[in-house]
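Colleague: First the structure, then my questions, so here it is.
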Amino acid sequence: MLYKGDTLYLDWLEDGIAELVFDAPGSVNKLDTATVASLGEAIGVLEQQSDLKGLLLRSNKAAFIVGADITEFLSLFLVPEEQLSQWLHFANSVFNRLEDLPVPTIAAVNGYALGGGCECVLATDYRLATPDLRIGLPETKLGIMPGFGGSVRMPRMLGADSALEIIAAGKDVGADQALKIGLVDGVVKAEKLVEGAMAILRQAINGDLDWKAKRQPKLEPLKLSKIEATMSFTIAKGMVAQTAGKHYPAPITAVKTIEAAARFGREEALNLENKSFVPLAHTNEARALVGIFLNDQYVKGKAKKLTKDVETPKQAAVLGAGIMGGGIAYQSAWKGVPVVMKDINDKSLTLGMTEAAKLLNKQLERGKIDGLKLAGVISTIHPTLDYAGFDRVDIVVEAVVENPKVKKAVLAETEQKVRPDTVLASNTSTIPISELANALERPENFCGMHFFNPVHRMPLVEIIRGEKSSDETIAKVVAWASKMGKTPIVVNDCPGFFVNRVLFPYFAGFSQLLRDGADFRKIDKVMEKQFGWPMGPAYLLDVVGIDTAHHAQAVMAAGFPQRMQKDYRDAIDALFDANRFGQKNGLGFWRYKEDSKGKPKKEEDAVVDDLLAEVSQPKRDFSEEEIIARMMIPMVNEVVRCLEEGIIATPAEADMALVYGLGFPPFHGGAFRWLDTLGSAKYLDMAQQYQHLGPLYEVPEGLRNKARHNEPYYPPVEPARPVGDLKTA
């Protein structure tokens, strides 16, 4: 054994050839600060070996290196800029020394090689991969950019266009694509990986492969003519501006850095990467996006722990076809759980099957599946007008009309047709689960399962625990949601549960602004362009459906009369009374026409101004700051109340529900991350200016306490140790 660290070791393989093996405790390898330091020590040992002829890098895990240790990021990002820069220089010196070894090097890459894992193998001369490879640089999705030389080496290896596509979008690619663009040199079966890598290494040692020529381009300026460079970088900057926008500085910073570094050799180019990385790491956007990643891991870990003792349902059923039922049936079947889809009429069943077939055809068109797979999936969805096969199902989700009487009747009837251990769930969006449970003989086997539309796209499923829902019932429903590829978050019961309960105060803020003379077009523009929502409130209401919102608004007002009962006729009432139901009938706040692809495109409609004039004061202008404050305060206050009342268990789960269920702007990180970034005292000062607008603007006492004591909602993070300690971690 030449060297043994906590996460990697170095040993001789055969005469003159050494192997460096990543083998961290636990299931995966991460390129954390300790591993970077250990890698430097191992390379130091190699540099002393006069008889070294070649080096093989490999992993003892199912994946090569999954990336940097993101749990370290928040503390690293608190280190002063100068110290963070010093540490990056140290880390890059390690990869430079790997790249500069006076012998050929090869990485045998299996599974994931992401972020720092990808940057590590870019420093070797050759890369051989297994078919399950996923390799790439996802850093821009975390609000940063590659920091271990990825933005320097990848463009010089692949050319600017392919590298920019991966780096700016934070993409990873599979084995075939990696081979096509030159990111790996070959792909072999897993059992042949080391043997194949050794064969390449021996060819390089014997002079049959010119490893020095392979290495040289990574040390030099990027080989691009002035015209090629102008075209590549202009197109890349245009694409980034269009897709990422101003709220995500990392992608455009990465592109500009690669452009600026193109005319320099490795050392100067790495210095530019360092100078760009450090300021990004100190942005609120990076903290928010890293926070989302960590919250996502927490939520998924919680679901995994919850379901460890239950079996995933093997057969499911959906009550109520149509678009929603068809979407749920498709998602279940697509992920391998056969489903019976029941409705009371053929027309709805046809609509549900058409929806499932349409979604499968999209997968076929994209080349994700072939005709055989399509037929196989669709054959596991069984449409029926009766209860045939219900005695075999493990779980049933009801997705009929949002009416408590209808839902109770359907659930009670279904309970008599299934096994005593079958779980029943309701896809209600607002009706309290404990109220629906009153109709059942086995309420312990019942809970809520709130999907979001469109089901195949929206990652969140709210799992609602009723007063009598058993732990086993919740666990089984969470297991099914996870199997469907969704992110389940368990919440406690109340009208609207969590997501809709906090959404309707946001809509109430919108209605009050319109009542006071604001223009809905400006509100949409401000909330989209300035705050960052994917849709402004008027557009969102049109997508949800004005009729749906009108009904849900009444349910929420009955559930929370002190805050959500209104004493005036609002814009939603006016549009509902005029039969303007939004996208579903082409008329809402906006008018909708289908574009060439059959998608609804919004247009202005002067008629709506006359309708709104009946429920509004004369038009007046509002500042962007006032619009944002009046829209967000009611939502944030309600989010805080939900945490204080135990409707949602943690700030992390609340923020993920908002991001995954409502599209809360990820660069803000969710309501609690936004509050912590803004500061609770500053938020309180802002909210107090609008208390005269009513109970929705009254800040909860718990938040007032946070402001008094200057306490955040997320646990405070300590800065990482000084850079000198990091080096020898």
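Using the three backbone atoms N, Cα and C, a Cβ is placed for every residue, glycine included.
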Colleague: Need one residue: from D309, D343, D386, D471, the one Swiss-Prot lists with M324, V400, V401, E402, K407, S429, N453 for NAD(+).
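Modeller: The candidate from D309, D343, D386, D471 that Swiss-Prot ties to NAD(+) along with M324, V400, V401, E402, K407, S429, N453 is D343.
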Colleague: Can you pick which of D296, D346, D370 Swiss-Prot lists for the same substrate site as N500, Y660?
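Modeller: Answer per Swiss-Prot: D296.
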Colleague: Suppose you had to name the range Swiss-Prot annotates as region 'Disordered'; which of 202-223, 708-729 would you pick?
Modeller: 708-729
Colleague: Given S429 (NAD(+) binding site) and Y660 (substrate binding site), what distance in Å do their CA atoms have, once rounded to a whole number?
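Modeller: Each residue's Cα considered, S429 (NAD(+) binding site) and Y660 (substrate binding site) end up 16 Å apart.
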Colleague: Looking only at C-alpha atoms, tell me how far D296 (substrate binding site) is from H450 (active site, for 3-hydroxyacyl-CoA dehydrogenase activity), rounded to the nearest Å.
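Modeller: Cα-Cα, rounded: 19 Å.
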Colleague: Given the recorded positions H450, N500, Y660, state which is nearest to V400 (NAD(+) binding site) when distance is taken between Cα atoms.
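Modeller: That would be H450, the closest of H450, N500, Y660 to V400 (NAD(+) binding site).
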Colleague: Rank aside, I only need the closest one: which of the recorded positions M324, D343, V401, H450 has its C-alpha nearest to that of N500 (substrate binding site)?
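Modeller: Spatially nearest to N500 (substrate binding site) by Cα position is H450.
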Colleague: Record lists M324, D343, V400, V401, E402, K407, S429, N453 as binding NAD(+); longest Cα-Cα distance in Å?
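Modeller: Farthest Cα pair among residues binding NAD(+): 20 Å.
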Colleague: Would you identify the secondary structure of H450 (active site, for 3-hydroxyacyl-CoA dehydrogenase activity) according to DSSP, in three states?
Modeller: strand
Colleague: Round to a whole number and give the Cα-to-Cα distance in Å for the pair H450 (active site, for 3-hydroxyacyl-CoA dehydrogenase activity) and V401 (NAD(+) binding site).
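Modeller: Rounded to a whole number, the Cα-Cα distance is 13 Å.
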Colleague: Can you grab the distance from Y660 (substrate binding site) over to V401 (NAD(+) binding site)? Cα atoms, rounded to a whole Å.
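Modeller: About 24 Å separate the Cα atoms of these two residues.
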